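For reference, the structure is listed below as structure tokens.
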Amino acid sequence: MRTAKFATLAALVASAAAQQACSLTTERHPSLSWNKCTAGGQCQTVQASITLDSNWRWTHQVSGSTNCYTGNKWDTSICTDAKSCAQNCCVDGADYTSTYGITTNGDSLSLKFVTKGQHSTNVGSRTYLMDGEDKYQTFELLGNEFTFDVDVSNIGCGLNGALYFVSMDADGGLSRYPGNKAGAKYGTGYCDAQCPRDIKFINGEANIEGWTGSTNDPNAGAGRYGTCCSEMDIWEANNMATAFTPHPCTIIGQSRCEGDSCGGTYSNERYAGVCDPDGCDFNSYRQGNKTFYGKGMTVDTTKKITVVTQFLKDANGDLGEIKRFYVQDGKIIPNSESTIPGVEGNSITQDWCDRQKVAFGDIDDFNRKGGMKQMGKALAGPMVLVMSIWDDHASNMLWLDSTFPVDAAGKPGAERGACPTTSGVPAEVEAEAPNSNVVFSNIRFGPIGSTVAGLPGAGNGGNNGGNPPPPTTTTSSAPATTTTASAGPKAGRWQQCGGIGFTGPTQCEEPYICTKLNDWYSQCL
């Protein structure tokens, strides 16, 4: 947490029974609009807002302005135990621009890396899209697609401008945990597949037991408990490298873990927890194409990028494929093809993940935690959208943009980006690139094909690199396309059966019909 101290106003306390919310600084969520689309390609603007994660907020006594947490340490005279700390301390409202470097404009969100405020220096931020004042906006991604624009031109080696989904409670844990009185309005309830133990309040209690300040982060530490849930990394990136990664968990929603049994980054036993901390990642550089993503490359990171991610069902209605493509300069750019022998393809499937783990010699915790099918269960349920900017005190972000492990050069899968292995040291990045920022904008969500219906050059995602005319936009479902039966393979229920550039089966197994959703995507329904 990046602490701030404001010592002039009187606290306005919401409750005196548990983890509190105070208002020495009035909480005003910055507005951020997004678009909800229908199968016909019609999109409706949703006027929404964002909130800041509670871990970044000023935590002080409910009776005044004395810090409960300063630097990376708790005040044990106030916080004698987990429950009394939650009772005596509150998280406060945020001055989004001046303290945290967070600004919005219409459908655009900018997150600045380092912000020097009147009382503190803030590093990084984590924000959530809201549905009203007191709930997070949730998305059910399975069978749908999610699209956004991003500008990573101003974030380099060692930084991560991330957009992802986690299975956290829509109310921030307010209804499940009586000790939590702050809720989603104040950014509570975070969890992810690393089962992070640096969260200050978990399940409505302070994570004070066993808390140890970090040796290389003056603002963070780790406690006895962690908080776990399924995670779908749509976008982890800087201007040198990018990856998208599903992380299944055997327990989908938020759950608390203890000590090394949490697994993940914060524990000595990385794979001991209920979640897969590694996931099954698609990083174009790691998959052999070193000229696809970067400055002046096929996907040019000096310009704004439109990122489209589709979550396609298989014949059984489970998650079958995660497909990615890009739009830039008015044309579709299919995701790069993997050139690793035995790991061909440009999308994530169960078979692709199986082959990648073997080719790279990685521990296959992905399958241990349920693989694509288990990830699909999370995607079928409500997930919360997270947008953040951060540096990495554990491994200098080398796992994203350099060679990792650093002594594994030449080993299949070790080279993930062109950044030097000496890059990404947080103290250096914070000193040398404080004005770095990432901009997310033009968020769109809806059925397959709906979010790109109006985009110039939007063809079949991942199958056609040309520039076909934009699809026809209608307000009703397109008529079913019927074909004459003939020999050959047939697509199962939910599978793709047609579209611009599609080369697979165009007939469906009985009794399903190949139904045109738009010019570039037909599906067996």
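Cβ coordinates come from backbone N, Cα and C, glycine included.
As recorded in Swiss-Prot, the features of this protein are as follows:
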type     : residues  : note
REGION   : 19-467    : region 'Catalytic'
ACT_SITE : E236      : active site, proton donor
CARBOHYD : N289      : N-linked glycosylation site
REGION   : 454-492   : region 'Disordered'
COMPBIAS : 456-465   : compositional bias 'Gly residues'
REGION   : 468-489   : region 'Linker'
COMPBIAS : 473-489   : compositional bias 'Low complexity'
DOMAIN   : 489-525   : domain 'CBM1'
DISULFID : C497-C514 : disulfide bond
DISULFID : C508-C524 : disulfide bond
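Everything Swiss-Prot records as a feature, shown here on the structure.
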residue: E236; record: active site, proton donor; DSSP class: strand
residue: N289; record: N-linked glycosylation site; DSSP class: coil
residue: C497; record: disulfide bond; DSSP class: strand
residue: C508; record: disulfide bond; DSSP class: strand
residue: C514; record: disulfide bond; DSSP class: strand
residue: C524; record: disulfide bond; DSSP class: strand
(request) Report the nearest neighbour of the residue listed as 'N-linked glycosylation site' in space among the recorded positions E236, C497, C508, C514, C524, comparing Cα positions. (result) E236
(request) Measuring Cα to Cα, tell me the gap between C497 (disulfide bond) and C508 (disulfide bond) in whole angstrom. (result) 7
(request) Out of E236, N289, C497, C514, give me whichever of these recorded positions has the highest number of other Cβ atoms within 10 Å. (result) C497
(request) Counting Cβ neighbours within 10 Å across all chains shown, tell me which of the disulfide-bonded residues C508, C524 comes out on top. (result) C508
(request) Sequence order is fine: just name those recorded positions in E236, C508, C524 with a Cα within 10 angstroms of C514 (disulfide bond). (result) C508, C524
(message) To the nearest Å, how far is the Cα of C524 (disulfide bond) from the Cα of the residue listed as 'active site, proton donor'?
(response) 32
